[in-house]
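Data block below; observations after.
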């Protein structure tokens, strides 16, 4: 029930923002802030509950209500450690998103925050939905507000970006819908019980070929969202053109829904098919790592650059998931978290620079360290995080993933490891172009304001903490090693 | 005592935090106090610790302290925990002690700089990371320190980031070492796959049972680790970053690129000695790499004109000696050379820094000269350092360590005449360029008028270092002369003793040869750069010599090679694919549907008769379908 | 006996139908188009009659009556429109009616 | 044939009376408002009648009619649509000087035709219903004769409709010739003998032409855009919803009775038609700048989707189709309602540039339009999503993979132009708002409310389809 409340708070908050802004525009952001913080508090409050919970059944909240009984659709939400961590991430980044649009968004504040909150609602719905119909529902819900965010508050080429984003993801999700239906009917014909319930569908027995096709339906949707080469093309445009908060949510959360989907649905429902396709997926992942890194290196638009780095980083996720090693699986979860934080932070940084310099072109920047030492220091930390420096969360993630993959697939793992070199190359290039060298921009730039400092500090601290004390996370998602037979042998 | 272990790295870390967070608001004195103070205290603690360690060694042979549980997942358990055995002890002492001296020196040296706080913050962070590196009890933590020092070196090389050259050097350093690191981490993966642990004592213990000597697996691991070492320690073929790294302030060069960080490779190999011993091939490769490097770098050092680049190349070649020693199995000798080298090379850099400061940032030695009178302290200390570098017999520490290596290069288990020959040549070259350095910088007529002389804060550390550059050698005498081997005694608690070959001429022969060679080197240096013999002068001008000189000067054209082989292709690929090829596909789809749209719109031409035709087409289609089926 | 008859009539009807269709396609004048449509309708009626005859049922003829009625209604509306068109455009050329298009 | 059998026909009788009553009212020179209100009440009466006779269902009225649940369901939808359309018509025609009274006669007659289609089980009734519908539509389309293009649209529709009914008749004749009966069930009995005869199949084929024309399926779709654009917006709504519902209803019944889906030929024909309709419709709409034309094209595509549900010819298919029609008509009604509301005497609000930045000028209206567009695009939270969902599930159940694949592909393409319109709605600035005078505030407000209610229904059905679904099932069971 508490989960329903979390959703309702967000939805209601969103509408409230919209209404409030009609009279008092500034009110909206406060409402938004309060709403998300409330959810974050609830999520945090759940944490001890989870720790206290006996580990044998990992689903410590499980709420089910009838929705469309005629179709066997039920409003079934449940929470396990994995979803819980993702919820925490969602609300944490949500707060930062609200904060970072505090000043940036001037017109139609109410509607803006409405979209922001509804996106968050959709995302958290995706993370807790245990009914495939509901899952698909939320999966779609989070798109539209995001689409509006991009198309209304985006940058110059926002229309192109928004269409691309929507069409790509929609193509994937329609395939997924088809797959869900196929699963639904197969299960129904087998058991006579037509239901969309996740736990019921887990028991579906599929012939290899059907399993493969159905899985592809799911997989393509998730891989587009992740995104993996060659389905990544929507990402740079969407990230580049979206408002700062939009990029933050995209990079920090929307991409993660893809990873979540693969772990939650593809692996458990289609164990055999997943195992069969694994080598190709790892290949795609590695390709993504290298290709993304190469592209990131050549970009001159700061946000596009960061976008391509996340293509590269998400490649690690794909590799980790399909290497079927529990170390790698832990690494994937860490990667989901830390990449969300670090890349989000980088986008915030880009946004702050854009606010000051009114450009995203790094060739027009340079030497900013002198004028904004605070941001410079932060930037070092963040670039190093994305370059996978130890003592920062990303290192733990990538180390686990590569270590786990190595035992199963040494060659590809080694190639993936080369990504570490490339990541160093592009991170340093970014650092250098923006902060080092002689001061280029003529406009006088001021260093971080208190608000911005708080945002970035919060992110940096959490990255460092994840790097030095990853064990709580690892324990929380430990049960993931049971989702696939290959994982716990 | 061991419960205070954590203080040693913690204090510098604290210093870093304070300076980086609050540095902007502190007075320079306060910054200096924190920056240098933290290191000095941890140096004191280290000295107490080592005193304690030496008089009553712990029965396990190591002080250990678990700070907190880092992570444990599926058999990979890592703690943030410290472990100090006698090998680590040597390194800690050097790091903290020399670190402290250099920090004190920097107080005066960096006084005028804008980013005083940033400098000390980075330096402290470096010391902390370096300490973690050598005190780590598991390889993941070691890798943490390993990358940490890399970061700090990047930050400090690019400390004056406005000048393009500096941050390029910084990037170059980071990337090239990163290549080595990547090899190393792959090595770690392999190690974990084979042994199922990364806890160093376990690794060493299990390796012996798990691997048969010379097994492929262990060789691969050893070579990968070696690559890591090569990267950090600037050995061939990854040495090109170190000379450029001199873009950083002199104290940085002294601490990071001479005394401590660059010797991390040595530490790693010594730490993993079991692995290396299990694979003779890897040992040989190590030795060869070391030997070749020391010769190549030495040649380059001979012809450089920038004082710091000379020292940089000489550092490379000295580390080459260490690798050579480790490679042939003369473990303690290698570590001992690190020990002595740390003192005199730090000394040389600091002194050079002082000279450069005094001469208004003049780096070219041929624009210096005649400083003997004007700055005597610098002169004497520098000379002592150079002498130690040139291994002047008996009076300098350099002699004792290098002599051992020369002798082992042939006589030790993995030794070989060729290695010995190369080492010998290296010794000659070293002596030569040390002499050249002294003569050109301090003798002759004055070419640049010196500014204000270095303050006492800078000179005192120099003197201390100078003293150690002489005295450090006395704790380990050649066996045949005087039976004092405190150092190897201590180190061999951890490292295996050196096995000697049979049937070689007596050690004294080698020593004499070495002494003679280095003396010849000194003399030839004198005659080349100070002597007036016209013959030599015109020989120096002869085209062949000049071309060879250029070749050496460019560091054997390694940079150009890599530029052509790697950098340019990389840039080319990235440039042509800037706007993502794969995007074309989707653009094509969009265009096709737009094209279709135009085609179909034509059918909507408003003509009723055409619409009727449409209906006709439909019915015809249906009928044909009927006839087909 | 009867079926053959029916089918021959059907053939005639078919020919009429095709003729009508051709007329609709080829004539440019709206009136003639309408005439052709009428021909088609009547051919259909003929076919019905034939079919009714085949089965000895009145339904065919009934249907034909309906067709007549409908045709009448249709034509009345059609003529009204024709008048309007002529009123507006001063011509009955169907190719003039191309205002509505992409 | 006794009076008891007439009871189920009550709604249709009332419907027929509606037009008569209107004629009388006009004869008595009563005002537009009175006619409007009376018509409204009559329609409500029809609804009540339908509800009242529901227990007597199913009831056959030999030989022409059969009133069963399905018929009642579709009639209900039709009546609902005509209620709304009538409301729209009022404000629409009040602004134009033409005398709108006769309009309602035609409107109700056309509705009656559509309603008859839903209950017809005999070629004669089918023919009568269809022609009643068509002939009144000719007049309705060209009703505003002074608006240029209205007449043109009417003419185009007339010629083509007459053509198609000629085909229909000829097909009927052929089938009658073979089967010897014009009653669906009678034909069904003769199937074993005739099902292989070429003439019979030819007959079916030619009938498809007429159906395809009414449903505006490729390649009989060419008229759609022009007629949609040319005719008065309420009439457009009528064509888009009622006439198509009626036609589809009779197609459904015909198919059910003679098991149309058993002929591979018919399946082939319909698959090809469905696929081409989806592709052509969506592609045509891509760059369309005229909202009415755009909706015409999208409706072509949508009936392509609907055919995918029709292809399997099973219970789920019928269910899906019914749900789809309901959702679709609500959606289109709200869309056209918005257009009606926005169009002024001078010009129809059909070109997209009128809508730029509408959301900032008239948030409510724009939101409604946006919702209906999202529903057309099949985005969750709207009825359109569930409609598409049911179609998909019907298809998946019978594993008609090719049409499904095309459906997915084309609906992705289709997204583009819906998003384009939505984007226009949210576009910046745009022309300053022309706050046109509200002739009859009451009707304006009621239209407004109707629109809001429709949008609400879209949401409600989109989130809680349970009730509607049960209703559909309940009615469909009555046969």
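Quick reminder: no glycine exception, Cβ is built from N, Cα and C everywhere.
TrEMBL does not curate its annotations; it predicts them automatically.
These features come from TrEMBL:
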- A:27-47: transmembrane segment (TRANSMEM)
- A:85-102: transmembrane segment (TRANSMEM)
- A:109-128: transmembrane segment (TRANSMEM)
- A:129-418: domain 'NADH:quinone oxidoreductase/Mrp antiporter transmembrane' (DOMAIN)
- A:134-153: transmembrane segment (TRANSMEM)
- A:165-186: transmembrane segment (TRANSMEM)
- A:198-224: transmembrane segment (TRANSMEM)
- A:277-298: transmembrane segment (TRANSMEM)
- A:305-327: transmembrane segment (TRANSMEM)
- A:333-353: transmembrane segment (TRANSMEM)
- A:374-397: transmembrane segment (TRANSMEM)
- A:409-428: transmembrane segment (TRANSMEM)
- A:448-469: transmembrane segment (TRANSMEM)
Under 8 angstroms for C-beta pairs, at least 3 of them, ignoring pairs fewer than 6 apart in sequence. Is the transmembrane segment (A:277-298) in contact with the transmembrane segment (A:448-469) by that rule?
no
Proximity of the transmembrane segment (A:305-327) to the transmembrane segment (A:134-153), 3+ C-beta pairs under 8 angstroms
no
Seg_contact(the transmembrane segment (A:374-397), the transmembrane segment (A:165-186)) with at least 3 CB pairs under 8 angstroms, min sep 6:
no
Under 8 Å, at least 3 Cβ pairs, sequence separation 6 or more: does that hold for the transmembrane segment (A:109-128) versus the transmembrane segment (A:448-469)?
no
As a test: from A:85-102, A:165-186, A:198-224, A:333-353, pick the stretch that has the greatest number of Cβ pairs under 8 Å with the transmembrane segment (A:448-469).
A:333-353
Kindly say whether the transmembrane segment (A:85-102) and the transmembrane segment (A:333-353) touch, using the definition of 3 or more Cβ pairs under 8 Å where each pair is 6 or more positions apart.
yes
Could you tell me what the rest of the chain brings near the transmembrane segment (A:27-47), counting residues at least six beyond its ends with Cβ under 8 Å?
2, 5-6, 9-10, 12-14, 16-18, 20-21, 61, 79, 84, 87-88, 91-92, 94-95, 98-99, 101-102, 109-110, 112-113, 116-117, 120, 124
State the non-local partners of the transmembrane segment (A:134-153) in its own chain: residues 6+ outside its ends, Cβ under 8 Å from one of its Cβ atoms.
67, 73-77, 105, 108, 111-112, 114-116, 118-119, 121-123, 125-126, 159, 161-162, 165-166, 169-170, 173, 176-177, 180, 196, 198, 238, 241-243, 245-246, 249-250, 254, 257, 265
